[in-house]
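Everything below concerns the one structure shown next.
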Amino acid sequence: MEASSAGSSISAVTGGKAKPHQPVAKDVNIFFDELEGVNSPSKDDDSLLHHGNLTSTSDDASRLEVVGEEVPDKNKANGLYFRDGKCRIDYILVYRKSNPQTEKREVFERNIRAEGLQMEKESSLTNSDIIFVKLHAPWEVLGKYAELMNVRMPFRPFNPFTAGAPCILVRCCFLNGHFIEINGRSRRSRRKIYYLHRRYKFMNRIEKQISRFRGWLPRKPMKLDKETLPDLEENDCYTAPFSQQRIHHFIIHNKDTFFNNATRSRIVHHILQRVKYEEGKNKIGLNRLLSNGSYEAAFPLHEGSYRSKNSIKTHGAENHRHLLYECWASWGVWYKYQPLDLVRRYFGEKIGLYFAWLGWYTGMLFPAAFIGLFVFLYGVTTLSHCQVSKEVCQATDIIMCPICDKYCPFMRLSDSCVYAKVTHLFDNGATVFFAVFMAVWATVFLEFWKRRRAVIAYDWDLIDWEEEEEEIRPQFEAKYSKKERMNPISGKPEPYQAFADKCSRLIVSASGIFFMICVVIAAVFGIVIYRVVTVSTFAAFKWALIRNNSQVATTGTAVCINFCIIMLLNVLYEKVALFLTNLEQPRTESEWENSFTLKMFLFQFVNLNSSTFYIAFFLGRFTGHPGAYLRLINRWRLEECHPSGCLIDLCMQMGIIMVLKQTWNNFMELGYPLIQNWWTRRKLRQEYGTQRKTSFPQWEKDYNLQPMNAYGLFDEYLEMILQFGFTTIFVAAFPLAPLLALLNNIIEIRLDAYKFVTQWRRPLASRAKDIGIWYGILEGIGILSVITNAFVIAVTSDFIPRLVYAYKYGPCAGQGEAGQKCMVGYVNASLSVFLVSDFENRSEPTSNGSEFSGSPLKYCRYRDYRDPPHSPVPYGYTLQFWHVLAARLAFIIVFEHLVFCIKHLISYLIPDLPKDLRDRMRREKYLIQEMMYEAELERLQKERKERKKNGKSYHNEWP
């Protein structure tokens, strides 16, 4: 139902003209009398809870009737109501009596009462200086602001086919079934089932065998058990923006539960943001009082404890928080689908969309992880048939030149046999296919997420929801209050920022971003110097294990140090991004969030991936050759790749960074709040004992929990977006990245759920239509991944040199074949010869290589395509080098254009809206028009009957 159509359809139901409006309270009482005997579940009932559980802290009206006078006493004890046990607490404000901002608080609270909110104060049981202000919104206030905020609520749709008889719920269907396509749970259309006759006995037997096999398996193991946990999804109804004038059209069984707790808190927060605390145009809103310290905290309450002494399967859920813990945040349901409708009901649409996106991303990782594991296993199975690794392992007579100055010894090529085999596990014939697959996968993931988001937006009534015009940030008002101009939309004067001032601030901010990127490059440069210096140190180490694996030890320690630098710089980047964003003076909160998000992502992305880019595209590319090495500051020789290639270094970099980063993030997300909350509980136990702690009211328990991050869901999204970058950008070098991401995300969903339900205060429910600026960032990463994977395959891996050798220089040259038999002699062809006597003095090794043949070495080999020392142009590039270079450039161009064409074709072929959803939306619009037509027709017929009754008649009347 569209908002505009809903309003017009409701007005059509009431006759299309303004009738004498009766007092709202009278209409409500009459409506309650009519529904007194109705027991059908509705959207405002807590139908998710078992009605037999009398110990629940839910607001179910039927339980209040059963328990009678005992409920107010129970409500007083559970800490969710005022002292009278009837008024539910919708919001909590916390301040300290010792705070000097008393006058502002008094004015603010007086204005709160003037808005109609009820207030009650209580001091803390643990600290008499802390005061809790409990707020309750009566029905009249909720109705008034729900209408102003266009809160959509379930209403009784007019049935044009049954002479206007209303229906209690849309899902109950109308009598003749005309509305059957828009009915049902979560507004999902009924599927048509066609029964076909089986023509073949053979197929009949196969189907019987399959059905018998399915009987042994658990039925739909990933879906939540609806028998033990019934009604996990809301019974969605036809909704429309709330209107007090047409209140009789809305499904109201109980005024206290018509607006759920999340909606009530959102309405109260909306009021608090518009209440003044001092005289003046800018002295308004709760956020300013929180920033200046007048109030210490502000939050809605959790709906009781998330634990229960009784089993949820036998006694039902105590409350929605308990239900979320059992069917979502518990580790025992890690393989189950998420109850997104329940998450949205408790935490709001914005958080619900985050978990919907995270679940969708995790589900889409399954095919990527499977293909990546297949590529790895393909490398394992073909390892024994790999001609290149065989030649490396058997090359005992090929002596390689030292990889560093002086202390690095000569080494046999066969010593790198293990590294050659490990490289084949990641760099094999399936790598190119996997890179193309992941580029296509990223596009399919984003396109199908758009479709999934559209379905969620439809089910959650977000299709026609538009963010109300945002308020100007207080900082912007304070800075530019002297200059004003008329707002073209509202027609009211507002602060104005001059174009020159805005440009100058953006230039300074961009300079700050550039400077911080230079800091990252300097950090990477420091890591490079560390690698260059320590490789010689490890080569001269007294331990044989480190001395023989000096390059691996250098890479491993450099990655660990790089990780520590990344984590330290992240703290600095957050402060710099906050400073630069405030320096820009964004006009609204959404502009501030988008600017801050873009800066933080840019900083974190560059910080996390700069060293990876260095290893992938620069390590060993500009080192020169023996006898003429390129050096940093004419001192340090640049680091070379291992004799088996640079891909092993890139794999180590990605594996270590990815594992350490995800482990650290999970600890900071859950471990840190757990430790803080444990320490708080420990202090309370020591001071007041265990029994006293369990008797604390709910507001006291929630106050002792950790507040949600100041930036909302920013950290959660940032972690997943950076992981998405790791999964796609260098996936050609590390096919197991999707598998690691999948395992992490399975844990991440339950960690985040556990954190939201048990460790954090309840966040304010807020609405959103999509994931915001993050979608554009994901698209940018998808485009970048195509380019980087093309360069990884062409430059970092040996795929192109092997292909050129097989078709041009190998035994199968000119035959159009490229099998393993065509790779015979590849290793020898990829190594050049160097005359040991041509070494520079500062790079000449201390050993003369006599331990290999009993006499000093005359020649050694190195990875490059250069002429031998006795050629007319010593150490000049060979023709094979230019062939390989041309093939690499051609591959990059062809790969990029091919993949981009596939991506755009997929984007074009996959519509943003599923066909069934588009049909449902069109069907609803058609039905709304029919409803309006029938309502107008009935009104005209009634007017005609009244005229006839009064003796008045007109000719040519219609109908």
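Each Cβ is built from the backbone N, Cα and C atoms, and glycine gets one as well.
Because TrEMBL annotations are produced automatically, they should be read as predictions rather than curated entries.
The compositional bias 'Polar residues' annotation in TrEMBL covers 1-12.
Look at TrEMBL and you will find 1-21 (among others) tagged as region 'Disordered'.
If you look up TrEMBL, you'll see 40-61 (among others) marked as region 'Disordered'.
What TrEMBL lists as domain 'Anoctamin dimerisation' is 81-340.
If you look up TrEMBL, you'll see 343-924 marked as domain 'Anoctamin transmembrane'.
Among the features that TrEMBL reports, transmembrane segment is placed at 354-380 (among others).
Counting only same-chain residues 6+ beyond the ends of the transmembrane segment (430-449), those with a CB under 8 A from a CB of the stretch are 357, 360-361, 364, 367-368, 371-372, 374-375, 378-379, 727-728, 731-732, 735, 738, 775, 778-779, 781-782, 785-786, 789-790, 792-793, 797, 799, 895, 898-899, 902-903, 906-907, 910, 912. Taken from TrEMBL, the feature transmembrane segment applies to 430-449 (among others).
The transmembrane segment feature in TrEMBL is assigned to 506-532 (among others). Within its own chain, the transmembrane segment (506-532) is flanked in space by residues 404, 554-555, 558, 561-562, 565, 569, 573, 576, 579-581, 583-584, 599, 602-603, 606-607, 610-611, 614, 632, 636-639, which lie at least six positions past its ends and keep a Cβ under 8 Å from the stretch.
Counting same-chain residues at least six beyond the ends of the transmembrane segment (552-573), those with a Cβ under 8 angstroms from any Cβ of the stretch are 419, 516, 519-520, 523, 526-527, 530-531, 534-535, 538, 546, 600, 603-604, 607-608, 611, 639, 649, 652-653, 656-657, 660-661, 664. Residues or ranges marked as transmembrane segment by TrEMBL: 552-573 (among others).
Here TrEMBL flags 601-622 (among others) as transmembrane segment.
Per TrEMBL, transmembrane segment is recorded for 721-743 (among others). Beyond its flanks by at least six residues, the transmembrane segment (721-743) meets 361-362, 365-366, 368-369, 371-373, 375-376, 426-427, 431-432, 434-435, 438-439, 441-442, 601, 604-605, 608-609, 612, 616, 647, 650-651, 654-655, 657-659, 661-662, 774, 777-778, 781-782, 784-785, 788-789, 792-793, 796-797 of its own chain at Cβ-Cβ distances under 8 Å.
TrEMBL lists 771-795 (among others) with the feature transmembrane segment. Here the transmembrane segment (771-795) has Cβ contacts under 8 Å with residues 353-354, 357, 431-432, 435, 438-439, 442-443, 446, 449, 453, 593-594, 597-598, 601, 616-617, 621, 650, 717, 721, 724-725, 728-733, 888-889, 891-892, 895-896, 899-900, 903 of the same chain, all six or more residues outside its ends.
Per TrEMBL, the feature coiled coil maps to 923-957.
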Mean per-residue pLDDT computed across the coiled coil (923-957): 76
Distant-in-sequence neighbours of the transmembrane segment (601-622), which means Cβ under 8 A and at least six residues beyond its ends: 513, 516-517, 520-521, 523-524, 527-528, 559, 562, 566, 569-570, 573, 576-577, 630, 638-641, 646, 649-650, 653-654, 657, 661, 718, 721-722, 725-726, 729-730, 733, 777, 788, 791-792, 795-796, 863
